[in-house]
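Asker: Okay, handing you the structure first.
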Amino acid sequence: MMNHTTSEYYDYEYDHEHYSDLPDVPVDCPAGTCFTSDVYLIVLLVLYAAVFLVGVPGNTLVAWVTWKESRHRLGASWFLHLTMADLLCCVSLPFLAVPIAQKGHWPYGAAGCWLLSSITILSMYASVLLLTGLSGDLFLLAFRPSWKGADHRTFGVRVVQASSWMLGLLLTVPSAVYRRLLQEHYPPRLVCGIDYGGSVSAEVAITTVRFLFGFLGPLVFMAGCHGILQRQMARRHWPLGTAVVVGFFICWTPYHVLRVIIAAAPPHSLLLARVLEAEPLFNGLALAHSALNPIMFLYFGRKQLCKSLQAACHWALRDPQDEESAVTKVSISTSHEMVSEMPV
């Protein structure tokens, strides 16, 4: 018989063997800080609903604006691809919310188990790889001015964007291989989870690859790029580019740290039980990232928000270098007008 913790009722992606013979976790709450299972379920469902309701229309608007912009501004194409990755995740949320509402029962069969969970992992990998490419592009634009108008920039950006999706798909395969539809008896239900079949090496390998390629490696690269840009070229820095990078890591860092703890924690330990209890909320925070970018577009485009949402998105995508150049031209033009109006 399996002794389950609370979290498995709400998490559609957990490591099945970790839930075997876990220690009993106290259910009394002397400080009044514990959630009941019903409150926990409601919090998760509200979170999923909010992400869906904000993310789908928001990302659709951003996708439309960035698609129009990308036809004559290469930089906007990065946000078009990022938005598509976020939309991919957002549209899957109603399907992922159903097992939460049914307290862990998976109604979509083995194919749905494999497909829906793989979509979220693909979205994560594609997003972080695209953000890595965006950071490199911004770095080259700042320190190699000739890069902006170079023909090989267009080719390079397109190659990196396509490679981000292909590599993301490739990195999704290992976890998909171990995904199973599992039968439980107490209570009777089907659960979508990862079953490594007791293979510690497989679990460690997949966790390590996900941590290095989906988190640590991109984090080091992007922190280096944006740190140098912020210190040495603050006036030409693109705040939206930095904001989407920071937002990604705020949302996904707890998830990756949690996966490492789950892989490293001793089996049947109290630490593992506690971590698994918190897992659904950490997963929800990671998925919430898919609704974050539209909010950032509205924030950075707030000066034009009174005109229209489209105008706000256009303003958020503006290039600080172009804006600086425009200000310079206006200043020069104004100076000429003042000189011409001076009495001789």
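Just so you know, glycine gets a Cβ as well, placed from its N, Cα and C.
From a predicted model like this one, the values you see are computed outputs, not experimental measurements.
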Asker: Which cysteine out of Cys29, Cys192, Cys225, Cys251 is the one Swiss-Prot pairs with Cys113 in a disulfide?
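Answerer: Cross-referencing Swiss-Prot, the cysteine bonded to Cys113 turns out to be Cys192.
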Asker: Is it true that Swiss-Prot lists Leu74 and Gln183 on the same side of the membrane?
Answerer: no
Asker: Count up the helix, strand and coil residues in the topological domain 'Extracellular' (102-120) according to DSSP, in that order.
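Answerer: With helix first, then strand, then coil, the topological domain 'Extracellular' (102-120) has 12 helix, 0 strand, 7 coil.
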Asker: Look over the recorded stretches 121-143, 156-178, 244-266, 281-300 and say which has the most C-beta pairs under 8 A to the transmembrane segment (209-231).
Answerer: 121-143
Asker: Counting Cβ pairs under 8 Å that sit 6 or more residues apart, are there three or more between the transmembrane segment (244-266) and the transmembrane segment (156-178)?
Answerer: no
Asker: Counting only residues 6+ away from its ends, which parts of the chain sit with a Cβ under 8 Å from the topological domain 'Cytoplasmic' (68-78)?
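Answerer: Residues packing against the topological domain 'Cytoplasmic' (68-78) from afar: 130, 133-134, 137, 141, 153-154, 157-158, 161, 314, 317, 319.
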